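Q: Sending over a structure as structure tokens; questions will come in a sec.
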């Protein structure tokens with residue numbers, strides 16, 4: 001039976017493997033998040049490549065360690081690249097993460113494109129509570145791309161999405177990870193209320209899941225990335241209470257994370273899986 005200590009051991013191993021292998025992560029992401037996402041990946045030990053041109057997508061996805069697709073500010077050309085790269089990833093066993101930013105009836109075009117991307121079976125679907133709940137077929141009133149639903153409400157509605165992906169990761173006050181392979185739901189605690197106030201933290205989290213998925217299973221990848229962010233947020237909040245200083249120290253701890261910090265500060269709980 002899975003235990004929290006065993007899961008944390010696997011997270012430490014995943015972190016060590018990422019430092020050793022420096023996975024190449026292709027990011028098709030939004031214009032707001034691209035720079036921050038690249039910096040988070042570099043600070044974490046991965047190698048980002050922001051390749052979102054449809055004419056280069058197939059060849060680059062083939063050589064990538066992992067793929068991150070984020071629908072934050074999609075253009076027609078980006079959408080072509082997303083479809084090409086997602087299909088290529090599926091055909092070449094490249095793990096990939098789908099972040100359905102803003103999914104819902106208000107942003108209908110991107111939502112239709114998100115639905116089409118599901119056919120290529122992402123390794124992980126990551127989003128906030130409103131995005132995940134709406135993607136699962138529930139009617140949720142969102143506030144732009146921000147969530148109006150709590151993560152503990154959303155995870156109970158998200159099981160249907162396991163038909164499309166190996167793992168579902170939901171971020172919020174506590175984070176929740178659902179998986180085909182586990183007989184429990186993982187709750188990740190930590191972080192800081194300041195994290196959602198920094199532009200692109202959620203988007204960067206999706207890319208970090210992709211980086212970890214290059215060196216471990218989808219479930220441990222999602223767990224590793226969420227623990228990575230939760231610890232960095234918690235430790236940064238101990239030193240800074242304002243957004244500017246918090247943002248800087250948060251990035252420092254993204255870079256400074258190590259096995260000892262994971263062992264000391266990882267705060268996870270196993271919940272019964274819905275029947």
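Glycine too: its Cβ is placed from the backbone N, Cα and C atoms.
What you see is a predicted model, and the numbers here were worked out from it, not measured in a lab.
What Swiss-Prot records for 50, 200 is substrate binding site, and it gives sequence analysis as the kind of evidence. The ATP binding site annotation in Swiss-Prot covers 126, 171.
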Q: Show which residues of the chain containing residue 200 (substrate binding site), separated from it by at least 6 in sequence, have their CB under 8 Å from its CB.
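A: Listed in sequence order, they are 32, 33, 36, 37.
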Q: Just going by other Cβ atoms within 10 Å, which of the binding-site residues 50, 126, 171 has the emptiest spot?
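A: Among the binding-site residues 50, 126, 171, the lowest count of other Cβ atoms within 10 Å belongs to 50.
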Q: Distance check, please: Cα of residue 171 (ATP binding site) against Cα of residue 50 (substrate binding site), rounded to an integer number of angstrom.
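A: Rounded to the nearest whole number, the Cα-Cα distance is 23 Å.
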Q: Quick check for the class: what is the C-alpha distance, in angstrom and rounded, between residue 50 (substrate binding site) and residue 126 (ATP binding site)?
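A: The Cα atom of residue 50 (substrate binding site) is 19 Å away from the Cα atom of residue 126 (ATP binding site).
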Q: With DSSP assignments reduced to helix, strand and coil, which class does residue 50 (substrate binding site) get?
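A: In the DSSP reduction, residue 50 (substrate binding site) maps to coil.
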